[in-house]
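**Q** The following block contains the structure, expressed as structure tokens.
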């Protein structure tokens, strides 16, 4: 009997211990977690200041491509150096003179100087042939143009010896002063911006001379400035062709250009009168 009681007691004890074992095996072990420190609030005056990045300069070739990308010679590829860095870049260099960016900028500066001089000459040449005589009479001076047969003095026309040496001294002094101002302005702008070829801070031929403020007023952005530079070069190139035609016409014909093309150098009403009332050549007596 005692054995039966002991067996039942052992069985009851075993069953009582089994749920406790399952609970122990399923219960997760406690994990020691370090307390998280709360972030201290940042005062408004101690907030980090975010400095915006300066805008990147717009490459001049991007501006040129949007305004001047036509090739002067469509059947010829664009030279590698002429990568639209300058205004009025039509990729025209058949002789391959510009072999580097430095050469390109030097040639462009020379072109701008010749273009400006040609524009002055294209207007001054006929004005001298028209008004040199009347002005000389008012000042009681001999007319050099009249002494040279009505043609402007030049290397091919002759008559340069009639001009006073004082005039040549003044011309050389004025040209030297302009060149000095241009070189000084160029050196200053290049020193201020080492990436002037990219940003266009220095433009070939820029003398800093704009008394009327036209370049500042009409060139209020990169594209407008590029268009104004292009307009100057296109007019200058046309003026170089015009002054060359003046010289050839006068040398070949021996007559002043104002007599060869009176249509351009007479008052408008005089031109209309000549066209309306002039007799045809076959019936003119």
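For all residues, glycine too, the Cβ spot is worked out from N, Cα and C.
Straight from TrEMBL, here's the annotation block:
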| type | residues | note |
| --- | --- | --- |
| SIGNAL | 1-16 | signal peptide |
| BINDING | 111, 114, 162, 232, 235, 237 | chlorophyll a binding site |
| BINDING | 116 | chlorophyll b binding site |
**Q** Near residue 116 (chlorophyll b binding site), which of the binding-site residues 162, 232, 235, 237 can be found within 10 Å, Cα to Cα?
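**A** Taking 162, 232, 235, 237 one by one, the ones whose Cα falls within 10 Å of residue 116 (chlorophyll b binding site) are 232, 235, 237.
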**Q** Only counting partners 6 or more residues apart, tell me which same-chain residues put their Cβ under 8 Å from the Cβ of residue 235 (chlorophyll a binding site).
**A** 115, 119
**Q** Which secondary structure state does DSSP assign to residue 162 (chlorophyll a binding site), in the simple three-class scheme?
**A** helix
